[in-house]
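Student: Under the heading substrate binding site, Swiss-Prot lists ASP21, LEU22, ASN23, ARG36, HIS59, LEU60, GLY61, ARG62, ARG113, ARG146, citing sequence analysis as support. What Swiss-Prot records for LYS197, GLU314, GLY340, GLY341, ASP342, THR343 is ATP binding site, and it gives sequence analysis as the kind of evidence.
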Amino acid sequence: MSVIKMTDLDLAGKRVLIRADLNVPVKDGKVTSDARIRASLPTIEAALKQGAKVMITSHLGRPIEGEYNEEFSLKPVVDYLKEKLSSSVRLEKEYLEGVEVSEGELVVLENVRFNKGEKKDDESLAKKYASLCDIYVMDAFGTAHRAQASTHGVAKFAPVACAGPLLFGELEALGKALDNPARPMVAIVGGSKVSTKLTVLDTLSKIADQLIVGGGIANTFVAAEGHNVGRSLYEDDLIPEAKKLLISCDIPVPTDVRVATEFSETAEATLKSSSDIKDDEQILDLGDESAQRLADILKNAKTILWNGPVGVFEFPNFRQGTEIVARAIADSDAFSIAGGGDTLAAIDLFGIADKISYISTGGGAFLEFVEGKKLPAVVMLEERAKQ
């Protein structure tokens with residue numbers, strides 16, 4: 001990957017526009033989960049320390065494009081940044097015709113989705129973004145798979161376009177896990193549907209020494225082995241695909257599971273063999289034997305890629321499987337990389353963030369990179385590096 005890195009540039013006195021991923025949950029005007037902002041702080045601080053005139057922007061939520069809506073304003077992010085940074089921080093609502101920024105000051109440019117043409121990568125909008133800066137820094141891995149005006153078009157027209165430390169770090173960590181992994185490599189793919197992760201499963205089946213499936217995805221594999229899965233979430237039409245994967249690679253299908261007769265937080269868990277599931281039952285977690293089997297596999301891994309929980313961990317009675325897997329990853333000496341919203345929520349719940357080698361901030365971008373797809377924002381940075 002050949003891109004210009006922000007860390008290699010002299011930013012002093014330059015107008016620097018950072019496209020970050022500050023798309024955080026907000027409730028009653030307050031940020032409720034600051035993980036993405038925290039991940040962006042080192043980039044912001046590095047630019048300010050160099051004496052740059054720093055502007056930062058992001059999308060937040062899904063407002064109607066081209067219309068201002070206070071509900072989706074970046075103001076709560078600005079309030080958070082004011083608490084964390086010693087520099088002056090202000091929010092700029094109207095900025096497309098130009099904005100004044102002083103050295104060592106941080107100006108947050110309001111939600112890019114308030115600008116008409118953002119999502120369609122409108123060229124005239126991209127040029128307006130580009131005219132604001134001397135150096136454009138793409139640091140939002142979470143949106144690198146989208147070709148939009150603030151992630152892609154602007155990089156085409158800015159005087160200099162580079163990768164921020166967070167984006168570069170994400171790409172480097174994923175490259176380490178996928179391009180030439182230390183072996184054995186174990187990949188865990190959980191979540192609800194095979195259909196949304198079929199390409200990922202197929203790609204990883206060719207890279208990983210061991211593929212682990214969990215959640216609703218594992219239910220489809222249980223069904224593929226001929227077992228009744230009752231009212232479990234599974235995809236009948238994808239059983240042939242699951243059978244193909246079972247032939248082509250080693251996938252440990254759950255032999256025991258926790259089931260319930262209702263999908264609720266208070267549902268009672270019953271531990272039973274995968275071959276004994278009744279018509280009115282649904283699988284909501286792995287059984288002890290199956291979870292321990294996965295923990296034993298992870299113990300010997302040298303590289304672990306984790307995307308998705310292995311059960312309905314949000315319900316206390318059905319989080320044991322995900323917790324056993326999570327703690328096995330945390331205790332492993334392997335290089336581990338985790339990504340996806342539910343995965344990050346599980347990491348937070350079990351308090352193991354400091355024991356995962358790399359936590360990716362991207363959901364869709366993480367999966368598309370794993371699938372082997374080119375990320376438009378990264379392709380543009382590579383093109384600019386050649387000029």
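Along the chain as shown, the residues are counted starting at 1.
Cβ coordinates are placed from backbone N, Cα and C, and glycine is handled just like the others.
Surface or core, plus neighbours and distances: that's what I need for these features.
Tutor: Long-range Cβ neighbours of ASN23 (substrate binding site) (same chain, at least 6 residues apart, Cβ-Cβ under 8 Å): ARG36, SER58, HIS59, LEU60, GLY61, GLY142, THR143. In the three-state DSSP reading, ASN23 (substrate binding site) counts as coil.
Long-range Cβ proximity for ASP342 (ATP binding site), meaning a same-chain Cβ under 8 A and a gap of 6 or more residues, is found for GLY190, GLY191, GLY308, PRO309.
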Student: Tell me, how many other CB atoms lie within 10 A of the CB of GLY61 (substrate binding site), whichever protein chain they belong to?
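Tutor: By my count, 14.
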Student: Neighbour count first, Cβ atoms within 10 Å, every protein chain included; then name which of ASP21, GLU314 tops the list of binding-site residues.
Tutor: ASP21
Student: Hey, of the binding-site residues listed (HIS59, ARG113, LYS197), which one tops the CB count within 10 A?
Tutor: HIS59
Student: How many Å lie between the Cα of GLY340 (ATP binding site) and the Cα of ASP21 (substrate binding site)?
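Tutor: Between the Cα atoms of GLY340 (ATP binding site) and ASP21 (substrate binding site), the distance comes to 14 Å.
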Student: May I ask for the distance between LYS197 (ATP binding site) and ASP21 (substrate binding site), taken between their Cα atoms and rounded to an integer number of Å?
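Tutor: Rounded to a whole number, the Cα-Cα distance is 23 Å.
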Student: Hey, how far is ASP21 (substrate binding site) from GLY341 (ATP binding site), Cα to Cα, in Å?
Tutor: 14
Student: So, in DSSP terms, is ASP342 (ATP binding site) helix, strand, or coil?
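Tutor: Going by the DSSP assignment, ASP342 (ATP binding site) falls within a helical segment, counted as helix.
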